[in-house]
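In what follows, a structure is listed as structure tokens, so that the remarks can point back to it.
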Amino acid sequence: MLSIVVLLLLIAESSSQNYTGNPVICMGHHAVANGTMVKTLTDDQVEVVTAQELVESQILPELCPSPLRLVDGQTCDIVNGALGSPGCDHLNGAEWDVFIERPSAVDTCYPFDVPDYQSLRSILANNGKFEFIAEEFQWNTVKQNGKSGACKRANVNDFFNRLNWLVKSDGNAYPLQNLTKINNGDYARLYIWGVHHPSTDTEQTNLYKNNPGRVTVSTKTSQTSVVPNIGSRPLVRGQSGRISFYWTIVEPGDLIVFNTIGNLIAPRGHYKLDSQKKSTILNTAVPIGSCVSKCHTDKGSLSTTKPFQNISRIAIGDCPKYVKQGSLKLATGMRNIPEKASRGLFGAIAGFIENGWQGLIDGWYGFRHQNAEGTGTAADLKSTQAAIDQINGKLNRLIEKTNEKYHQIEKEFEQVEGRIQDLEKYVEDTKIDLWSYNAELLVALENQHTIDVTDSEMNKLFERVRRQLRENAEDKGNGCFEIFHKCDNNCIESIRNGTYDHDIYRDEAINNRFQIQGVKLTQGYKDIILWISFSISCFLLVALLLAFILWACQNGNIRCQICI
């Protein structure tokens with residue numbers, strides 16, 4: 001019986017540690033049942049209340065024709081379009097921001113090669129339009145407008161419509177041709193010209209009389225001289241001969257000279273180059289749709305405000321930067337500590353040191369109290385706004401950092417790529433590795449700052465309350481204060497809004513503190529009571545056992561023999 005009484009006293013005493021009957025006020029922060037894990041400088045897994053994904057992984061499976069102008073080459077690549085191959089007439093006069101080359105594009109005319117194909121392709125793509133200016137060329141005593149069965153247009157033998165195939169005259173003559181064109185305009189001119197390589201010496205003399213032929217094209221700053229390479233080659237569209245196409249840019253005030261004794265594929269004019277255009281080219285099989293997007297990749301369009309993407313390295317327009325990571329989360333809320341279940345017999349409350357509060361929905365920080373009038377919860381808007389102000393704009397600042405640095409690095413790498421083409425892939429891989437690391441580091445820095453800021457605001461709120469209460473309350477060590485005076489809801493509100501006057505309650509608090517401390521059982525007293533209770537219980541059990549044995553012996557129920 002005594003043990004039961006002592007046990008009840010201990011339970012009551014243990015419960016009174018959580019709530020003594022004095023008012024309690026706790027500081028806490030918002031929490032959710034399931035937060036989001038983010039990475040910081042010091043920890044790979046930190047749970048926060050809210051976070052924003054920064055890496056776009058969703059793609060529109062089509063190319064958007066607005067706001068960027070797209071030109072679909074269909075069966076023609078951009079070089080065939082510039083040469084005027086059959087089937088490319090739809091590209092005459094075309095203008096674009098992005099020229100779409102299809103993997104299914106095919107050559108449809110006389111077989112050719114371009115020794116500096118990628119450079120010509122880049123010049124044409126960057127120019128953003130096919131603005132062809134026809135010119136008159138005076139070729140003497142030669143036959144013009146050569147045609148080929150390999151180049152059908154409407155089932156009739158034809159040729160590249162931007163070029164003029166010169167062969168010997170009907171009188172079997174191909175005299176030296178020397179023709180000069182001066183650029184008197186205010187723009188640069190692009191001339192595309194070619195050299196025919198026959199398959200046999202007989203073909204050479206049948207077409208040009210002279211063997212070998214020669215083509216020399218010069219400007220004030222450059223000269224290209226080509227001697228035809230005569231020889232048999234695999235048949236392509238019925239032809240074993242080939243044409244090599246070259247290109248020359250003539251700046252304003254410069255001139256171009258064509259000198260040949262045979263094999264020249266002459267231009268019919270020039271393309272006007274626009275130095276102000278910033279167009280490009282994209283090789284993809286993705287169809288053009290009716291959507292709107294400023295960003296295109298070889299896998300489709302992106303419509304996003306995220307600063308990074310993990311869809312394709314090839315991205316054109318106003319696009320997120322490509323990174324290797326599939327996910328980078330930016331913390332937009334505080335550290336998350338899910339709320340524990342109610343503790344104790346009397347539902348004791350706890351503050352931010354032990355857990356967050358899932359019921360705090362009007363702010364990030366707030367108060368809970370327990371007094372004679374009941375319990376309550378209220379948000380603290382001042383500390384909430386202070387934290388939000390420091391976090392707002394974090395995503396925009398991150399985008400500004402990445403954009404500024406990316407453009408600088410991009411320019412440096414482009415110069416390297418232009419000079420050392422063998423290093424192009426290595427440079428691209430290095431650029432992506434660098435930006436993937438950069439992005440991860442920037443996000444980790446911002447996440448660390450967010451968590452530090454939100455923790456700091458929580459501590460500021462706690463210190464603000466502690467300075468108000470002073471000796472009128474006791475810090476319980478869990479984010480709560482036990483108040484040693486009567487504190488109704490108005491009093492609690494004054495603590496929350498910073499108008500609490502501790503001098504008014506000082507005397508009452510001191511008296512109550514001493515009275516409570518005088519009657520509290522210390523840990524030593526509890527130990528003594530437990531030992532006394534245990535000893536008495538053991539004594540009673542032994543006494544009862546001995547009494548039972550004596551009673552049984554007297555009644556003959558137990559016989560006891562002692563042998564010596």
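Positions of Cβ are set from backbone N, Cα and C atoms, glycine also.
If you look up Swiss-Prot, you'll see 1-16 marked as signal peptide, on the strength of sequence analysis. According to Swiss-Prot, the topological domain 'Extracellular' annotation covers 17-527, on the basis of sequence analysis. What Swiss-Prot records for ASN18, ASN34, ASN178, ASN310, ASN497 is N-linked glycosylation site. The annotation disulfide bond is assigned in Swiss-Prot to CYS64-CYS291, CYS76-CYS88, CYS109-CYS151, CYS295-CYS319, CYS487-CYS491 on the grounds of sequence analysis. If you look up Swiss-Prot, you'll see 528-548 marked as transmembrane segment, on the strength of sequence analysis. The topological domain 'Cytoplasmic' annotation in Swiss-Prot covers 549-564. The S-palmitoyl cysteine annotation in Swiss-Prot covers CYS553, CYS560, CYS563, and the record cites sequence analysis as its basis.
Feature annotations (Swiss-Prot) mapped to structure.
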{"residue": "ASN34", "record": "N-linked glycosylation site", "Cβ neighbours (10 Å)": "7"}
{"residue": "CYS64", "record": "disulfide bond", "Cβ neighbours (10 Å)": "22"}
{"residue": "CYS76", "record": "disulfide bond", "Cβ neighbours (10 Å)": "25"}
{"residue": "CYS88", "record": "disulfide bond", "Cβ neighbours (10 Å)": "27"}
{"residue": "CYS291", "record": "disulfide bond", "Cβ neighbours (10 Å)": "15"}
{"residue": "CYS295", "record": "disulfide bond", "Cβ neighbours (10 Å)": "21"}
{"residue": "CYS319", "record": "disulfide bond", "Cβ neighbours (10 Å)": "20"}
{"residue": "CYS491", "record": "disulfide bond", "Cβ neighbours (10 Å)": "18"}
{"residue": "ASN497", "record": "N-linked glycosylation site", "Cβ neighbours (10 Å)": "11"}
{"residue": "CYS553", "record": "S-palmitoyl cysteine", "Cβ neighbours (10 Å)": "12"}
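Nearest by CA distance to CYS295 (disulfide bond), out of the recorded positions CYS109, CYS491, CYS553, is CYS109. DSSP assigns CYS553 (S-palmitoyl cysteine) to a helical segment in the three-state reduction.
Considering only the recorded positions ASN34, CYS151, CYS291, ASN310, CYS319, CYS487 (disulfide bond) has ASN34 as its nearest partner by CA-CA distance. Ranking the recorded positions CYS76, CYS109, ASN178, CYS319, CYS491 by Cα distance from ASN34 (N-linked glycosylation site) puts CYS319 first. Counting other Cβ atoms within 10 Å of each Cβ, the lowest count among the disulfide-bonded residues CYS109, CYS151, CYS487 belongs to CYS151.
Taking the glycosylation sites ASN178, ASN310 in turn, the residue surrounded by the fewest other Cβ atoms inside 10 Å of its Cβ turns out to be ASN178. Geometry remark: CYS553 (S-palmitoyl cysteine) versus CYS491 (disulfide bond), CA distance 73 Å. You'll find the Cα of CYS76 (disulfide bond) roughly 11 Å from the Cα of CYS109 (disulfide bond). Confidence across the topological domain 'Extracellular' (17-527), taken as the mean pLDDT and rounded to a whole number, stands at 87.
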